[in-house]
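First comes the structure, then the notes that go with it.
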Ligand SMILES: Cc1ncc(COP(=O)(O)OP(=O)(O)O)c(N)n1
Ligand SMILES: Cc1nc(C(=O)O)sc1CCOP(=O)(O)O
Ligand SMILES: [Mg+2]
């Protein structure tokens, strides 16, 4: 089963990305989505080539945002695709059954479609406004998650759902109570001066009800 915490990388240069990724891995993140927007293919490849062995060293899962060809070329563990990116079923055909494919959703119907098309996990958001992403879908808030997760249960649709968008430590408990599997975060980890402590606190809350 996937970790309950996914870190989505930030940084406008290869150096800043690498620094942020290294810090997050060092502080205990074991699932990374490399999100390097509006870059040349060459720079994205250069970054991915450096991130892959780093993730191997930290035994972290490494998925790529948006770029299907880069995912295959670099042999990453998978990809995250949005509602206007490559379709999930096309990505599945291209990448094969062993790669992890995540899909963005904002509604119950988005999730239904993703499941039909062979998606492995859902990034459901935004929870609240965030500056990290432009052109946000309608904000869901806690009630949005509650309604969608109830509908999934009623329709016996089982897929790990990750909340995303402006999430802070204090949001984790109420979000987990809606039935989500975990969270995907960017800003709180990138900006934290105490990353190890924060990640530990996030994981304590995310895994609080798991009996080992
Ligand atoms: C886990 C997760 N959920 C949602 C997104 C957003 O994907 P997308 O809508 O394609 O937006 P960009 O991230 O590509 O700007 C995500 N990346 N990860
Ligand atoms: C990449 C992304 N996708 C979103 C969506 O709603 O689909 S919100 C978002 C940004 C997540 O970063 P932060 O934790 O800094 O808000
Ligand atoms: Mg995308």
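Heads up, residue numbers simply count up from 1 along the chain you see.
From the backbone N, Cα and C atoms, a Cβ is placed for every residue, glycine too.
Look at TrEMBL and you will find 33, 34, 35, 36, 37, 65, 104, 133 tagged as 4-amino-2-methyl-5-(diphosphooxymethyl)pyrimidine binding site. In the three-state DSSP assignment, the secondary structure recorded for residue 104 (4-amino-2-methyl-5-(diphosphooxymethyl)pyrimidine binding site) is strand. Listed in sequence order, the residues of the same chain lying 6 or more apart from residue 104 (4-amino-2-methyl-5-(diphosphooxymethyl)pyrimidine binding site) and placing their CB within less than 8 Å of its CB are 80, 81, 82, 83, 110, 122, 123, 124, 125.
Non-local neighbourhood of residue 66 (Mg(2+) binding site): 35, 79, 80, 81, 82, 85, each in the same chain, at least six residues away, with C-beta under 8 Å from its C-beta. Taken from TrEMBL, the feature Mg(2+) binding site covers 66, 85.
Taken from TrEMBL, the feature domain 'Thiamine phosphate synthase/TenI' covers 15-186.
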Taking only same-chain residues 6+ apart in sequence, whose CB is under 8 Å from that of residue 34 (4-amino-2-methyl-5-(diphosphooxymethyl)pyrimidine binding site), what do you get?
9, 17, 21, 47, 48, 51, 62, 63, 64, 65, 76
Please check the binding-site residues 33, 66, 104 against ligand 2 and give me the ones with CB under 6 A, sequence order.
104
Drop a 10 Å sphere on every Cβ of the binding-site residues 35, 37, 133 and tell me which sphere holds the fewest other Cβ atoms.
37
Cβ under 6 Å from an atom of ligand 3: which of these binding-site residues qualify? The list is 33, 34, 66, 133.
66
Taking residues 33, 34, 35, 36, 37, 65, 104, 133, which bind 4-amino-2-methyl-5-(diphosphooxymethyl)pyrimidine in the record, the widest Cα spacing (Å, whole number)
17
